[in-house]
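Trainee: Under the heading Zn(2+) binding site, TrEMBL lists His35, His144, Glu381, Tyr420. Marked as active site, nucleophile by TrEMBL: Ser195.
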Amino acid sequence: HVSEAEAHWAKVLKQLRSKYGELYRQDNVILSGTHTHSGPGGYFQYTLFWITSKGLVQPALKSIVNGIVKSIDIAHENMKKGRLFINRGTVENSQINRSPFSYLANPESERNRYSSNTDKEMVLLKMVDEDGHELGLISWFAVHPVSMNNSNHLVNSDNMGYASYLFEQEKNKGMLPGEGSFVAAFASSNLGDVSPNTRGPFCTNTGESCDNPQSTCPIGGAAMCMAKGPGKDMFESTRIIGQNIYLKAKELYEKASQEVTGPLSTAHQWVNMSNVSVELNATHTVRTCKPALGHSFAAGTIDGVGAFNFTQGSVEGDPFWDQIRDQLLGEPSNETKACHKPKPILFNTGEMTWPHPWHPDIVDVQIAAIGSLAILAVPGEFTTMSGRRLREAVQSEFDSHGTPGMNVVIAGLCNVYTHYISTYEEYQLQRYEAASTIYGPHTLSAYIQLYRGLAKAIALNGTRELSPGPEPPFFNVTSLTLLPSLSTESAPAGKTFGDVLEEVRQEYREVRGEVAEVTFVGANPRNSAENTHNFLTVERYSNISSSWRVVLNDASWDTRFYWSKGSRGQSNVTIEWHIPAGTEPGVYRLRYFGHYKKRATLVRVISVPFEGSSSAFQITAP
């Protein structure tokens, strides 16, 4: 689930420092995740996130860091003078609140000020150079990229990624994904309780609604309660929601006329979130807590249920799980229990230090102001109402210090991941988002106090006087993994890596639903993690140049890559191309690129590159 990490941060900044000196620093670089639940795991330095990925996966971390640095290099080398334009508008039919019962716990007078229990506004920043040539955009919109649910085993970028893909395909005509100069970035906002699965939660076994405070089904309990998107399956739902987001972004982009001008400034602090003193009013001071996750964290959400039949909204612990936790991980201290009330603690992560800390104590808070636009880089997922309170507080801080009329946007999932931030009232109900508010009931109040401080420093030109705060620890986490190391691989007798096992048909018609498919003798895709390359291409034969031209790759929406592991070091790879209507008739082929592990000496295993190709096939008009 995690989108970014301090581990990346440190490594990215180290590489930037060696290249650019003091140009790119902690205070002026923001690492923000689009956020997908369908990515490779195992690249986060805190122990909790290793449970699902069986430890730290070094190649995954390495390739992500290298990719981030490379993109900054490319941007740096192509830097131009330019102009910025801002626009905002409403995105319809693309989200629901997945914890409506928690939202209703907020004061009625506050709820009455809003027409919806989600934020439907998209804010878009358009970038052009001095001559008006289009460079790119960033848009912020609050929706979870979980149109692909947890039954999906493909790596993909979900609805936000699809919106980005559509925009870039349109602007970089004839280019492959990731090529071309136009960049369309779709960023997260306060999406904590916002789901794209607009039909709401249903019991997967009986088909009845499970839109109740516990998100539980009469038969099968909470594990059966899953939200459905607007489409007939998750691929179609991703496409529909992604397209809605893209179409609104396109409209806002084309009409953007309000120019953003003024100075650039950034404010950054590290803060120990497990011990912030918050002044609620003149007489009341409260504190944040050491991080801990409640029982409902394990329940998951209607977008991706947890294991073991935990239910949402648990304000009482479960003696069975509590006993297992106490024996394995140690019982939470009375102080932590009291601090987190009414949360029944499942994992007292702030008191768990083996083999490394399980959760961060030291967290980044950061604001970047570009003229009249203030980007609040927040380290987690604020719920709808939490985000509204934060934006409003920061806005009034700017207003009262002589910089009125600021456009305040929340950029979610920045720099480090600290789960969710629910309001104090939502916290009392202990659904998933509240159980995952790890610094206790006053987490939001603490963040509001901190971001007000940053906003004030920017408004009064006092960012230099801000204390940097306590630096986060960096521990050497290279050694720990439960994933078996990749062993040598073999091909079936008489075959070699990349050979075709099941061939394509000779002809396909250009109609919806046609799928060209080929199966190869394959190897573990993890072997290729260190070598950034394509796993597959779709190529079209050009009679004019008598050569093959790549028309799609593994990042294209219509291609899929499946790896299936067999026995005795053997495995297969199947490549599918879901041929869309409108495909140009002609001669095509599918290609596969991989690496296999081979023993070079008694102690050394090396990765050997190989490739495979299907036969040529014809696509004909319907």
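Cβ coordinates come from backbone N, Cα and C, glycine included.
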Trainee: Is any of the binding-site residues His35, His144, Glu381, Tyr420 within 10 Å of Ser195 (active site, nucleophile) (Cα-Cα), and if so, which, in sequence order?
Mentor: His144
Trainee: Any same-chain residues 6+ apart from His144 (Zn(2+) binding site) with CB under 8 Å of its CB? Would you list them in sequence order, or say none?
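Mentor: Same-chain residues close to His144 (Zn(2+) binding site) (Cβ under 8 Å, separated by 6 or more) are His35, Arg98, Leu191, Val194, Ser195, Pro196, Asp303.
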Trainee: Give me the long-range Cβ neighbours of Tyr420 (Zn(2+) binding site): same chain, 6+ apart, Cβ under 8 Å, in sequence order.
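Mentor: Within the chain, Tyr420 (Zn(2+) binding site) has Cβ neighbours under 8 Å at Gly192, Gly380, Glu381, Phe382, Thr383, Tyr432, Glu433, Ala434, Ser436, Thr437, Ile438.
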Trainee: When a 10 Å sphere is centred on the Cβ of Glu381 (Zn(2+) binding site), how many other Cβ atoms does it contain?
Mentor: 30
Trainee: In the structure shown, which of the recorded positions His35, Ser195 has the fewest Cβ neighbours within 10 Å?
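Mentor: Per-residue Cβ counts within 10 Å for the recorded positions His35, Ser195 bottom out at Ser195.
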